[in-house]
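Q: Before I ask anything, here is the structure I am working with.
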Amino acid sequence: MAEEEGPAVELCQRKKPKSSENKESAKEEKINDTPIPERAPKYVIFQRFAKIFIGCLAAVTSGMMYALYLSAFHERKFWFSNRQELEREITFQGDSAIYYSYYKDMLKAPSFERGVYELTHNNKTVSLKTINAVQQMSLYPELIASVLYQATGSNEIIEPMYFYIGIVFGLQGIYVTALFVTSWLMSGTWLAGMLTVAWFIINRVDTTRIEYSIPLRENWALPYFACQVAALTGYLKSNLNTYTERFCYLLMSASTYTFMMMWEYSHYLLFLQAVSLFLLDVFSVAQGDKVHEVYKIYIFSLFLGYLLQFENPALLVSPLLSLVAALMLTKCLQLYGKKGTFVAKIMKVINFYLVCTLPVTLNIIIKMFVPHKENEHILKFLEVKFGLNMTKNFTMNWLLCQESLQTPSQDFFLRLTQSSLLPFYILVLIICLLSMMQVIFGRINGKSLKETVTLEDGRIGERPEIIYHIIHTILLGSLAMVLEGLKYIWTPYVCMLAAFGVCSPELWMTLFKWLRLRTVHPILLALILSMAVPTIIGLSLWKEFFPRLMTELTELQEFYDPDTVELMTWIKRQAPVAAVFAGSPQLMGVIKLCTGWMVTSLPLYNDDDLLKRNENIYQIYSKRSAEDIYKILTSYKANYLIVEDAICNEVGTMRGCRVKDLLDIANGHVVCEEGKKLTYSKYGRFCHEVKINYSPYVNYFTRVYWNRSYFVYKINTVISFQS
């Protein structure tokens, strides 16, 4: 087009030789500038494409490398490939053994439909009890894994256990990738994602339990929650185009529902997220429509989950449903109140009152009409945990003694400090929190928000996605300070938020605005620090921790438990197929996995009947008579009793938390407890007395097998009740 305009310009000059020089120069500039609008967008598009491509490549590579690292570490830790099938299965302990045993059952079933039916009407696991294992234990991961294993023809390529473990490790790779993307979206640079992954792996003792218990529900569920958080972060960003916003919404919907199906406690975590979004909406720093679209996703996921989880009442009485329903109702009233000035003022008062009271009221009303027993023990536990109630109940005190339900130790904070994670997290949190408060107070004073926040503004607390993450991490951190088990949800958040902060020029610019820096151009310094600080952190982490990671992969560890292997071998060879075994719930889970024999209890803590069974079976370590123990065991149709020497002769590190101590407190068999006089039992401790083989114990129990760790007794059917 420039070539066509050339002659025309010359012709004009010939016809109008007296035209001014300014017009000629203006035309020349126009001619010279015509290619620039064509070249500039291409250059910008190429630059953006290259940035996105490199970032996506780094994110996917980080996830794949982490999954491969977990696989290699697991192989070195357990020497897995050189183990027999029985020895591999023993590496699954407690509830992990139960989950994997049902995966095995699904593969043995003649068809998928038959396998699902047997799990939903399961009467071959716990004696005298038929359970819906799919609903009660959230076995959807096992159902999906079994379908994938058979549908893909993997049975001809890979063993079932390797396939199962590989899926979990692959999900952990997705977990890391999602954290990478979230930090990238917040900071605008994929360097933040790399730092997030580095901190996550270095602090993996506090970020994940994958090393200790692979089939845990949280290892299946949290990757989907991380994807949901990444999609929500993108969805809350301002100035999104329609296609990006729609993609984020669809990804968020799918990951929210999947997360809810994978973990029975997922709705509690989504409740915290809903509270964060509610506060975000209250502060009027985001589009209210977007927040309420997320509420619709919650409601849809809850009701669809309720239907597909066999009408699980726990989802209906969930605080998430009550909160979201109340907030949507108050939103409708708020929209109605905008019609008039006086009406608007009245509706604001009513709206505030409803927000404070309606969620609780709805929850109480729902609980009146919906029968629920699944989570009552959680409320009782919280009452005892926070000192609102005192109890001698064995189950409550045993739960309080679990490490995951204790307050975090000093070692936890020391580890985070040594990796430089905690100091930078606190710095980022303080700056973002102060900036957020500055924006909120400005909003209260009538100051309007900018549609687009630029780097020069230095107001990182004005971005809605940042405010959401600040509120969410404060809520999670507050709970993690009370229950150590929640650190596995909070610490990955800490890695992501700290990495975002140190790599974000906006955060440094916000700080420089407050300091009123004049000696150096603040924008230039902010850009330099956003690159220099993470680079220095990365180099220091590489120097200090990379050799340790390599050492872990080169050292051969060995999981050696010959006593348990011998016990499982004896059961499979000597015990009748219809036999029922009684013992500690953790051991019963391993027996169910390795032998398939029926047991009296399971290491599950979401069912009141199973909790009561566990307490009754644990009485074999109390000071009760042989007749009492015999009556308890025969009431559950047990044929064999297994006494573990590790529990009977336990030397606990925490005072009062040994199983036998908790039983003595519950049964009143201690001298004094908090100034109260209690009496001794006239009987010795059963697990000690039964080993001596004297009357009346030999009348009830006959020892049939023993090794260094386990003593197996056959429960006699014909008894002579002579003392």
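Note that Cβ sites are derived from N, Cα and C of the backbone, with glycine treated the same way.
Look at TrEMBL and you will find 18-32 tagged as compositional bias 'Basic and acidic residues'. The region 'Disordered' annotation in TrEMBL covers 1-33. Among the features that TrEMBL reports, transmembrane segment is placed at 52-73, 161-178, 184-202, 269-286, 316-337, 349-370, 422-445, 466-483, 489-511, 523-542.
Situate these features within the shown structure.
A: Long-range contacts of the transmembrane segment (269-286) within the same chain, counting only residues at least 6 positions beyond its ends with a Cβ under 8 Å from a Cβ of the stretch, are 225, 232, 236, 256, 259-260, 292, 294-295, 298, 318-320, 323-324, 327, 355, 439-440, 443, 449, 462, 464, 467-468, 471-472, 475-476, 479, 489.
Under 8 Å from some Cβ of the transmembrane segment (422-445) lie the Cβ atoms of residues 283-285, 413, 416, 459-462, 466-467, 470, 473-474, 494, 497-498, 500-502, 507, 510-511, 537, all in the same chain and six or more residues away from its ends.
Packing against the transmembrane segment (466-483) from elsewhere in the chain are residues 186, 232-233, 236, 272-273, 275-277, 279-280, 283, 285-286, 385, 404-408, 429, 432-433, 436, 439, 460, 489-491, 493-494, 497: each is 6 or more residues past its ends and has a CB under 8 Å from a CB in it.
For the transmembrane segment (489-511), the residues of the chain that approach it from at least six positions outside its boundaries are 175, 179, 182-183, 186-189, 191-193, 195-196, 199-200, 203, 206-208, 218, 222, 226, 269, 416, 421-422, 424-425, 427-429, 431-432, 435, 453, 455-461, 463, 469, 472-473, 476-477, 479-480, 522-523, 525-527, 529-531, 533-534, 537, judged by C-beta separation under 8 angstroms.
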Q: Are the transmembrane segment (184-202) and the transmembrane segment (52-73) close enough that 3 or more Cβ pairs fall under 8 Å, when only pairs 6 or more apart in sequence count?
A: yes
